[in-house]
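Residues annotated as domain 'APS kinase' in TrEMBL: 26-173. Per TrEMBL, ATP binding site is recorded for G33, L34, S35, G36, S37, G38, K39, S40. The active site, phosphoserine intermediate feature in TrEMBL is assigned to S107.
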Amino acid sequence: MIPKNIHYQKINITRHEREKIKDQTGKVIWLTGLSGSGKSTLANVLEMQLNQLKKHTYILDGDNLRLGLNKDLGFSEEDRAENIRRVAEVAKLMIDAGLIVITAFISPFRSERKMARDLIGTNNFFEVFVDTPLEVCEQRDPKGLYKKARDGFLKNMTGIDSPYEAPIDAEIHYLPDSNYESIISLTLGK
């Protein structure tokens, strides 16, 4: 609940004016998938490609935000929901600045992804399901998390003892051997 003494302060420069200077439209590319699915790798590839097209971008990566803004959060369902709420709020501010924001978060629950979409706005939000099978993610296991979870040393591991609700209507269903060009085209409206 917002206290009664807090009021919205009107800002004179609009999002449209910021976008015009950048010659782009602010958007959020929301990458979702299991740990080890390739979200961060894909985010970096997308940012490199958009940068080469002279687009202003920023990556919000799950691990990086948990080192700062979200370092007070754990991995309970409530903390995961708050993690995604904060990320969505930051992404909304960034698209208001005219940036193309690429998020790389497991974001395991449909309700939280819907909340992010609703907050950011459907026209500004492109959900990309990075659909790498659990077996492949476990083989990759770049952080050793699956091994720890299987050995009983890590609780609330998405895909092991905590659910991942795959998107039903993501704008793009990205398979491990997919081409990223469709994501760039959708983002730029081509």
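Every residue, even glycine, has its Cβ placed from backbone N, Cα and C.
DSSP assigns S35 (ATP binding site) to coil in the three-state reduction, placing it in neither a helix nor a strand.
Here the C-alpha separation of S37 (ATP binding site) and the residue listed as 'active site, phosphoserine intermediate' works out to 13 Å. Summary for the binding-site residues S35, S40: the Cβ-based neighbour count within 10 Å is maximal at S35. Cβ contacts within 10 Å of G33 (ATP binding site), excluding its own Cβ and spanning all protein chains shown: 26. Annotated pair G38 (ATP binding site) and S107 (active site, phosphoserine intermediate), C-alpha to C-alpha distance, rounded: 14 Å. Straight-line distance linking the Cα atoms of G33 (ATP binding site) and the residue listed as 'active site, phosphoserine intermediate', rounded to a whole number, equals 7 Å. One way to see the shell of the ATP site is to take the Cβ centroid of G33, L34, S35, G36, S37, G38, K39, S40; the remaining same-chain residues with a Cβ within 8 Å of it are A104, I106, V130, T132, C137. Within its own chain, L34 (ATP binding site) has I106, T132, L134, C137, T158, G159, Y164 as residues 6 or more apart in sequence whose C-beta sits under 8 angstroms from its own. S40 (ATP binding site) sits 13 Å from S107 (active site, phosphoserine intermediate), taking the Cα positions as reference.
Here the Cβ of K39 (ATP binding site) has 26 other Cβ atoms within 10 Å, regardless of which shown protein chain they belong to.
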